[in-house]
Amino acid sequence: MASRRLLSSLLRSSSRRSVSKSPISNINPKLSSSSPSSKSRASPYGYLLTRAAEYATSAAAAAPPQPPPAKPEGGKGGGKITDEFTGKGAIGQVCQVIGAVVDVRFDEGLPPILTSLEVLDHSIRLVLEVAQHMGEGMVRTIAMDGTEGLVRGQRVLNTGSPITVPVGRANPWTYHEVIGEPIDERGDIKTSHFLPIHREAPAFVDQATEQQILVTGIKVVDLLAPYQRGGKIGLFGGAGVGKTVLIMELINNVAKAHGGFSVFAGVGERTREGNDLYREMIESGVIKLGDKQADSKCALVYGQMNEPPGARARVGLTGLTVAEHFRDAEGQDVLLFIDNIFRFTQANSEVSALLGRIPSAVGYQPTLATDLGGLQERITTTKKGSITSVQAIYVPADDLTDPAPATTFAHLDATTVLSRQISELGIYPAVDPLDSTSRMLSPHILGEEHYNTARGVQKVLQNYKNLQDIIAILGMDELSEDDKLTVARARKIQRFLSQPFHVAEVFTGAPGKYVELKESITSFQGVLDGKYDDLPEQSFYMVGGIDEVIAKADKIAKESAS
């Protein structure tokens with residue numbers, strides 16, 4: 001502005017020194033509208049000076065005052081603040097949108113970290129979670145859904161609380177997403193119970209420290225790799241080995257034997273797999289629709305693979321919050337499935353990168369152990385009930401030393417390994433009895449009888465595995481009598497570990513079997529002692545207890561005799 005005023009004064013002084021007929025001797029507004037044929041344009045020099053003087057004088061004029069920007073309705077900063085600590089009710093404005101990261105400015109009522117914000121005047125319900133305070137009233141948030149259509153200046157409401165989700169036996173609510181919105185198009189969720197997804201783990205004085213077995217009714221699990229009530233179990237299995245069927249049978253058995261409820265959290269699930277699981281649960285009766293929906297045994301919470309990282313990073317907490325309600329409010333033994341726990345870590349790694357944090361080893365977030373610990377420590381047994389978690393685990397490049405699975409292993413109480421080799425033999429569930437482990441397999445917890453039987457079964461199976469190379473090369477005839485007896489018992493045990501499932505009745509036509517733990521111990525101990533050496537190994541295949549083995553052997557004998 002000062003330079004333009006200087007130019008203006010120089011031009012005026014130049015005009016005073018020029019001849020009286022000079023075009024700039026009488027500068028006035030009319031000059032700007034004079035025609036090109038005017039006498040004042042006889043000299044090109046005079047024309048240029050005229051334009052320069054006109055620009056300088058007009059630019060030097062003070063700009064007219066602009067009206068102040070209109071404030072949002074509802075008072076200073078917009079919105080009526082009802083809580084001074086959380087800023088609940090304050091209205092902010094979107095300042096920047098970069099993918100899943102949204103920056104919001106608040107004149108007052110700054111929301112704390114992890115507070116849920118809701119975008120107003122948007123086509124969908126878009127929830128933002130505060131992740132960082134940037135200063136000067138600016139917060140950086142992570143979106144729980146797509147940010148398409150979001151624009152700068154759009155209003156954002158501070159809800160004053162973390163993300164809350166509906167809990168309880170709402171009707172209908174079986175199938176919903178990270179923020180509690182139903183996605184099965186069966187109507188709105190009707191409930192008055194909501195809980196925040198960010199909660200503290202139960203206090204130590206409220207936890208039940210006594211170690212107890214959660215009986216599943218599945219022989220191979222209860223005998224060789226028992227689940228701890230309130231423990232964490234890692235489920236390893238590739239595609240097509242029966243992982244989904246095992247999950248559904250666990251849900252069914254826990255509901256029938258313990259009256260418990262199950263929650264399935266699909267973290268980074270393929271949409272197709274999630275839909276298949278939903279349909280199969282409806283067909284098997286685990287999920288009931290219509291008038292019988294209150295009798296459903298399972299709730300599904302999905303943050304699918306195509307969702308933004310914020311949704312995938314929080315859907316595990318949503319499922320856990322639903323499970324916590326059934327544990328604490330209804331005193332139930334809840335079964336929580338998380339598929340896949342690696343996707344939870346992966347999503348938090350993406351969020352960390354979006355927030356500009358320096359990555360740790362192998363590109364993971366520096367808060368890897370904290371993020372995973374915050375989830376795992378809430379999965380525990382209290383004096384009211386328990387949450388037993390079965391978590392599918394993906395191991396990147398089969399590297400067990402990768403930070404993500406290595407950190408997860410530290411929290412596990414048991415591992416259930418599904419083997420493709422066993423499934424190829426037609427033995428279901430295809431649980432590997434030698435690779436599956438449990439911290440509960442101790443005589444101090446299980447008792448001497450259970451422990452000795454389990455170790456005896458594993459010893460026979462391991463000896464059989466060691467003899468398989470010799471059998472393949474030389475044949476059974478070259479084995480000693482003791483080895484032949486070991487092989488015969490091992491093959492019977494291997495088939496006796498199979499079991500018909502209730503949820504597979506529609507496929508196999510065989511009724512499902514629930515086997516009590518005591519019966520499993522007695523039956524397998526009898527096989528180890530040689531009480532059933534005279535029975536054919538076919539009679540041990542796909543049955544429940546030992547009584548069914550004897551009945552099946554008699555039936556086979558009668559058919560052979562006839």
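Even glycines carry a Cβ here, placed using N, Cα and C.
Around the Cβ of ALA239 (ATP binding site), 8 further Cβ atoms fall within 10 Å across all displayed protein chains. The feature ATP binding site is assigned by Swiss-Prot to GLY237, GLY238, ALA239, GLY240, VAL241, GLY242, LYS243, THR244, with similarity to another entry given as support.
As annotated by Swiss-Prot, compositional bias 'Low complexity' applies to 1-13 (among others).
Residues annotated as compositional bias 'Low complexity' in Swiss-Prot: 20-40 (among others).
Residues annotated as region 'Disordered' in Swiss-Prot: 1-43 (among others).
Residues annotated as region 'Disordered' in Swiss-Prot: 58-83 (among others).
The feature transit peptide is assigned by Swiss-Prot to 1-55.
Of the binding-site residues GLY237, GLY238, GLY240, GLY242, GLY237 has the largest number of other Cβ atoms within 10 Å of its own Cβ.
One way to see the shell of the ATP site is to take the Cβ centroid of GLY237, GLY238, ALA239, GLY240, VAL241, GLY242, LYS243, THR244; the remaining same-chain residues with a Cβ within 8 Å of it are LEU418, SER423, ALA430. Neighbour density around each Cβ, counted as other Cβ atoms within 10 Å, peaks among the binding-site residues VAL241, THR244 at VAL241.
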